[in-house]
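Trainee: Structure provided below as C-alpha cells; questions to follow.
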C-alpha cells in the first residue's frame with residue numbers, strides 16, 4: 001500500500017514538472033551549438049596600427065590643448081587612429097541626470113580641432129575593423145549607431161561591459177557589432193540567426209522573460225527543481241524496492257520497463273543538472289556584480305607636467321608603439337604603452353579561451369612640486385600596480401603609493417580561463433589576487449582599465465564550480481570541446497527519452513482506466 005502511494009506521488013509530480021524539464025532539456029540541447037551559431041567576424045583583437053613617430057613629434061602638447069579647450073579634469077587620455085587621422089581621445093567625467101557619466105571627446109593630434117560626434121565615428125571605425133579587418137572599407141552601409149548604457153534583452157548582463165556602442169549594418173543578416181570605445185575593445189556580435197537562437201534559449205532555458213522579477217524567478221525555478229529532485233529520488237527508490245515485470249505484449253508493462261531502464265541511466269544527468277541548476281538559481285537571485293573602477297582616476301590638467309609630450313616621445317626611442325595611454329590612480333600619473341604587432345592577438349576569445357601574455361609596459365611620472373616641467377619617468381611592473389589596486393579593495397587604502405613590495409598578496413596573472421574565473425567572466429588577461437591569510441576570497445583585477453572585474457565569495461565560487469562541473473560538463477574538458485559537447489548531448493537525449501516515455505506511460509494508463 002505504501003509503495004502504491006509513492007507511485008502515485010511520483011506520477012503526480014512527474015506530470016507537473018515534466019513540461020518545464022522537457023523545455024529545459026530541449027533548449028539545453030542548443031547550448032553546445034552556441035559557439036557555432038555566431039556571426040562570422042574577422043577578428044576580436046583591437047586595432048594595433050603603429051603610431052607614427054614623426055606625428056607624435058609634431059603633435060600639439062596635451063596639456064596645452066586641454067587648457068585651450070578648458071578641460072580642467074580628465075580620467076584618461078589615449079592616442080587613437082580613426083580612419084587615417086590620429087587623435088587624442090580624452091575621457092571626461094560629467095554630471096548626468098542620475099549619476100556621473102564619462103564624456104569621450106576627440107581632438108586632432110596636429111591641429112587640435114575637435115571631431116564632432118567623435119565617439120560615434122570611432123564606434124563605427126571599430127565595428128568595421130572587427131567585422132572585416134578593413135575599417136577603411138565603407139561597405140556595407142551603417143544602418144544605425146546607438147549608445148547602450150544599460151543591459152538589454154539583446155545585449156545582456158553576460159557580456160559584462162558597459163557602456164558600449166551598438167553599430168548595426170545594412171546587411172541581409174542585420175549584423176550588429178558592440179564595441180567599447182574607451183578601450184577600443186570588442187564586446188559582442190549578433191545577427192538574425194543568433195538573435196533567434198538567443199531568444200529561444202532565453203525564453204525556455206534561462207527564463208529571460210522574468211529577469212525583471214529576479215527573486216520571484218529564482219523561487220519558482222527553485223521550487224520546480226526541488227520537486228524534480230524529489231521526483232527523481234522517488235523513482236530511484238521505487239526502482240530498487242520493486243522488480244520489473246517480465247517482458248510481455250502488454251503495452252503498459254513494456255512502457256513501464258522502458259521507462260525504468262532509461263530512467264536508471266538518465267538519473268545521473270537528471271540529478272546533476274537539477275542540483276546545479278538549483279544552486280545557480282539561488283546565485284542568480286543575489287544582487288549582480290558590475291565591473292567597478294578602482295580608486296580615483298581623475299587627473300587635474302594643471303598638475304600635468306609641462307614636458308609631458310617630451311616624456312611621451314621618449315617611449316618611441318625603443319621602437320614603434322601600437323598603444324599609448326595616460327591615466328591616473330589617486331593622483332599618481334602613469335603611462336601605459338604596448339608594442340604588440342598587428343595580427344599577434346587572439347582572434348576568438350570564446351574558442352581559444354586564452355590570450356597571449358600582455359606586452360604592456362607601465363611608467364610612473366614623478367612631478368616636482370616646485371617645477372612642473374621636470375617630470376621624470378620610472379618603469380613600474382604591472383604586478384606592483386595590481387598589488388596597489390588590490391590594497392584599495394581589501395583595505396580601502398586610498399592614499400598609498402605604488403610600492404615594489406607585493407608580498408602582502410598572492411598574485412596570479414591569468415591569461416586563460418579557470419574554474420574560479422571562467423569564460424562567462426569574459427575579460428582576459430586579469431590578475432587573480434587574494435590575501436595571504438587562509439580562506440581569503442580572491443578578487444580579479446584588470447590593470448589595463450584599473451577595474452575590479454569580479455569579486456568572489458564562498459557561495460559564488462561554490463556555485464561556479466558546481467555549475468561548471470555538473471551543468472556544463474567541464475569534467476570532460478580534458479578530452480576537448482567535442483567530447484564535452486557529446487557528453488552533454490547524450491545526457492540531454494537520455495533525459496528527453498525518460499520524460500517522453502514517462503508521458504507515454506501515463507497516457508497508456510489513462511486510456512486503460514477509461515476503458
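Cβ from N, Cα, C; glycine included.
Straight out of TrEMBL:
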TRANSMEM  12-30  transmembrane segment
TRANSMEM  214-240  transmembrane segment
TRANSMEM  261-282  transmembrane segment
TRANSMEM  486-506  transmembrane segment
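Any idea what these are sitting next to in the structure?
Mentor: Same-chain neighbours of the transmembrane segment (214-240): 3, 6-7, 9-10, 13-14, 16-17, 20-21, 207, 260, 263-264, 267, 270-271, 274-275, 277-278, 281-282, 284-285, counting only residues six or more beyond its ends whose CB sits under 8 Å from a CB of the stretch.
Counting same-chain residues at least six beyond the ends of the transmembrane segment (486-506), those with a Cβ under 8 angstroms from any Cβ of the stretch are 11, 14-15, 18, 21-22, 25-26, 28-29, 31-32, 252, 255-256, 258-259, 262-263, 265-266, 268-270, 273, 472-473, 476.
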Trainee: Counting only residues 6+ away from its ends, which parts of the chain sit with a Cβ under 8 Å from the transmembrane segment (12-30)?
Mentor: 37, 197, 200-201, 204-205, 224, 227-228, 230-231, 234-235, 273, 277, 488-489, 492-493, 495-496, 499-500, 502-503, 506
